[in-house]
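So that you can see what the record holds, here are the features copied from Swiss-Prot:
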ACT_SITE  C84  active site, nucleophile
ACT_SITE  H170  active site, for GATase activity
ACT_SITE  E172  active site, for GATase activity
BINDING   G57, P58, G59, Q88, S134, L135  L-glutamine binding site
DOMAIN    3-196  domain 'Glutamine amidotransferase type-1'
Amino acid sequence: MANIVFIDNFDSFTYNLVDQFRSLGHSVKIYRNHIPAETIEQAINELENPVVLLSPGPGAPSEAGSMPELIQRMKGKVPMIGICLGHQAIVEAYGGTVAGAGEIIHGKVSMMEHQDHAIYQNLPSPLAIARYHSLVATKVPDSLTITAEVDNLVMSVVHEQDKVCGFQFHPESIMTTYGATLLGNAIEWALEKNNA
């Protein structure tokens, strides 16, 4: 079981995600992004098997309160999973660039090809995913591996060593097939090296 520290970026999807993780048997503690990174870091350090979940939210990563600072403090120390805005914040934290996607995507189902990474274990490729975003990673640093794309747009990344992964799409949406399996796989992968 993971102790999920959930960074809430004031998004309407938050409770769908929290419910999914709890139904998978994980403990979830929610911190809104106006809480100082230092406070959240102290809470993380007291937990066994912590995984930081960086939630979706409005705007750009730089506007997401304490989240960017928290990623800088915790990367390489604690596994992290970012969704939508959280994914974009991970890309920026590792030196990448996030910019306009060319169109605003709101509730669109896309067929995504993935690289059969452990996170996508036993999931079909292409996989139907739900997208809600206007920003996208336009430059991904060498330290991150792109694990899935749609129309040459980056849909997921991982940092194998740091146990950090990001999803541009919404696994918790009903429109993403196998979303619960994907989130379960991501947590399992995140905790693997943690115990090694």
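The backbone N, Cα and C atoms fix where each Cβ goes, glycine too.
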Requested in this report: Show, in sequence order, which residues other than G57, P58, G59, Q88, S134, L135 on the same chain lie with their Cβ within 8 Å of the centre of the Cβ atoms of the L-glutamine site.
Outcome: P56, A60, P61, E63, A64, C84, L85, H133
Report summary line: In whole Å, the longest Cα-Cα distance within the recorded L-glutamine binders G57, P58, G59, Q88, S134, L135 is 12
**Report entry** Neighbourhood of C84 (active site, nucleophile) by C-beta distance under 8 A, where only residues 6 or more apart in the same chain count
**Finding:** D11, F13, S55, P56, G57, Y132, H133, F167, Q168, F169, H170
Report summary line: Quick note, Q88 (L-glutamine binding site) and E172 (active site, for GATase activity): C-alpha atoms separated, nearest Å, by 17
Query - Nearest-integer angstrom distance between the alpha carbons (Cα) of P58 (L-glutamine binding site) and E172 (active site, for GATase activity) - result: 17
Query raised in the report: By the DSSP assignment reduced to helix, strand and coil, which category contains G57 (L-glutamine binding site)?
Result: coil
Requested in this report: To the nearest whole angstrom, state the Cα distance for the pair E172 (active site, for GATase activity) and L135 (L-glutamine binding site).
Outcome: 19
